[in-house]
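Noted in Swiss-Prot for the protein shown:
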BINDING   Lys641  ATP binding site
MOD_RES   Lys67  N6-acetyllysine
MOD_RES   Lys235  N6-acetyllysine
MOTIF     91-101  motif ''HIGH' region'
MOTIF     638-642  motif ''KMSKS' region'
Amino acid sequence: MASTCQRLSFYVSPLKRQLVSRPPVILWERLIPGCSRSIYSATGKWTKEYTLQTRKDVEKWWHQQIKEQASRVSEEDKLKPKFYLLSMFPYPSGKLHMGHVRVYTLSDTIARFQKMRGMQVINPMGWDAFGLPAENAAIERNLHPESWTQSNIKHMRKQLDRLGLCFSWDREITTCLPDYYKWTQYLFIKLYEAGLAYQKEALVNWDPVDQTVLANEQVNEYGCSWRSGAKVEKKYLRQWFIKTTAYAKAMQDALADLPEWYGIKGMQAHWIGDCVGCHLDFTLKVDGEDTGEKLTAYTATPEAIYGISHVAISPSHGLLHGCSSVKKALQKALVPGRDCLTPVMAVSMLTLQEVPIVIMANPDLEGSLDSKIGIPSTSSEDTRLAQALGLPYSEVIEASPDGTERLSGSAEFTGMTRQDAFVALTRKARGMRVGGHVTSNKLKDWLISRQRYWGTPIPIVHCPACGPVPVPLQDLPVILPSIASLTGRGGSPLATALEWVNCSCPRCKGSAKRETDTMDTFVDSAWYYFRYTDPHNTQSPFGSALADFWMPVDLYIGGKEHAVMHLFYARFLSHFCHDQKMVKHREPFHKLLAQGLIKGQTFRLPSGQCLKKEDIDFTGPAPVCAKTKEKLEVTWEKMSKSKHNGVDPEEIVAQYGIDTIRLYILFAAPPEKDILWDVKTDALPGVLRWQQRLWSLTTRFIEARTSGTVPQPQLLNSKEKTKAQNLWEYKNAVIAQVTTHFTEDFALNSVVSQLMGLSSALSQASQRVVLHSPEFEDALCALLVMAAPLAPHVTSELWAGLTLVPSKLCDHYAWDSGVMLQAWPTVDSQFLQKPDMVQMAVLINNKACGKIPVPQHVAQDQDKVHELVLQSELGMKLLQGRSIKKAFLSPRTALINFLVQE
């Protein structure tokens, strides 16, 4: 849209300067005849200023009406194209913070825009309600986590409503309710049946005093428990994992189909790593006896598996430290600092080859591996080790005369090229469920076990005879039992609910016990976007038809801190559901908007303690501690209670109004950048002035059109018509730019700037242009409609005022409907047909005298540019009657210099 940008720049720059320098226009109170559709319907008065009280009155009046408008869905709406807008749902902590306000202001603004564009929009809201914080908060208050959570949800729902945010509340979900976690359990069982959910021993953080497992977040920087203060120990426990590595290659490859994931694709790709190898499974033997245990090891060259010599493990491997039956044999063979051959044998479940396990001297294997398959044919290091330990092996790769490498001594893969054998062998391993999923050497499977109460119960029954058995689907949900007293100590709380734990095996009907771990809350949020498409379904997690209609999410908004883990798990579940034939789309999110933080000013003592503002002396050149006079380190950091740098959203809204805070958040920085919260900066005064200008412009228009004079466009003189034409061009340029920002880069700060510029241009119009010009009326209407998603309350009031004006000149607006129900403005076809323009600088005797617009296709034609300058208003004023000696047109810049007789 080169022409748009060029035409827009002609008007925006000087008008921006005028906007900053000019004081706001203030009108005295005046009676407006026939005013019947605004908050001033009783008196018909418009106040002289858009004061805080006026803002509050406007917002109070329009709040409920706007909410009702947003919630109405007609049969006609259901025929419109879909737009699925999703903002990351919050953990119900009990109180919204400014980060919530920012993300939900962004989603609300874009949702309103898309509705005005004629889209069928869902903008759902729910609650990520399980998790450790709720459990700990409930323990501290001697409450049950459920009552604490539900109370918080109720309060935060009211807060969202008071902020004027319009969500699709009919789609609300809460992850801690059985009607949701039933389907989380269902998906877990589907993963288990597909061989993608399994148990193995893994290291956990263990508090020896409280006798409980700690999350990483509960271990401080000194390695001590946040609660007891005890030194945290590492302990092996049997844990549940989801085999995310099985989808590593598919997810890595699918990133190429996500061009809109700016900045995030690289983070996802780095997290997954280079998918060049796979894991393969082995059974373990000691003294010729099968132990029944399994070992998984990685190789970057699975095609050469028939040349295996050993399986290497690191000294930190779980087999050496957990409860494995081979632990003693391995420890007996271990000599620290040396590569140690052990009596434990690994039997390939793919080829049935039997090789020894070697404990490596180096604790760090490649990537994040703790086990690796040794294949001398493809690794000089493996060759060195095999020869040093006297391990037999076969060379299985032969080079052809043409340089092609082929396999030998490799069963049915013999004669294949390495590339073909890689594909065939990994496919066979996957079919046998003994590994073969192409992945990297750094990606690990997802540990989902949590030894806590407040989470989704894992739907597995442990039977002495049958082993782990999934709960039958018809018996879901496995309801989280009520536990009278939670202490946060003593291991998994569910283990104390004996009536719940003790059960019958679904398979053999013998005595069994339920799994007492709960799921990581990331599992709940890994599929919630599906549930929003069909939130009341009682027969399945979601209906395929509805999911196929709404998915993928058109725009997903949330913090950049979730760009790796949450997005990875969500993508994994989506890929899995696709392979289960539950949905036709593999990727869940089309576009991402990772918004920045809102940071507050932090004042820190040399000791590291953060001070409240009331404990700081600001009278000197630099802030100091009021009590000790110590100098303070001043930084901008993420808002938090502990840093005393936060602001209460409700307090700040009460002080400035909803629309003002919305505009400040949108205008202060691009969405992806951090906002340094400081209401003394230009951003807040700027949006306050702009609202006043919108108010003044509308009032001026109403006054002109209700003065008793009928508008007659033919009465405008040529100069006034030119001004009106300029407004028409400016309006079209702004529509094009604003629409692009809303749909492409989401630079809503630029949207506000563009609309400020259009407001300033309108304020320069003469009274006759305001009265008689259809271009002025159209530009003002377009301005209010485009501002409506940003500031819905004030624009609703101003639009209600516009509808009172008699003898309207524009018939393409729905005058009997509110501003939020207007169609989004479009660029006039005549504007698109106009030639691209450049701003040609005009110099006279080397002195800059101004600029004129010149069609781009003639900008390098000196004769035509010369003629256009002479015909322009600027040329007639400065060159008419003067003797022009010569003119020079710059070949590099848009500049023409006239040398004239003095």
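The first residue you see is number 1, and the count goes up from there.
Cβ coordinates are placed from backbone N, Cα and C, and glycine is handled just like the others.
Remark: secondary structure over the motif ''KMSKS' region' (638-642) totals 0 helix, 1 strand, 4 coil, with classes taken from DSSP. The number of other Cβ atoms within 10 Å of the Cβ belonging to Lys235 (N6-acetyllysine), over all protein chains shown, comes to 16. Within the set of recorded positions (Lys67, Lys641), the lowest number of other Cβ atoms found within 10 Å of a Cβ is recorded at Lys641. With respect to their backbone Cα atoms, the residue listed as 'ATP binding site' and Lys67 (N6-acetyllysine) stand 32 Å from each other. Across all of the motif ''HIGH' region' (91-101), the predicted model scores a mean pLDDT of 90. Across the structure, Lys67 (N6-acetyllysine) and Lys235 (N6-acetyllysine) are spaced 53 Å apart at their Cα atoms.
Look at Lys235 (N6-acetyllysine): DSSP puts it in a strand.
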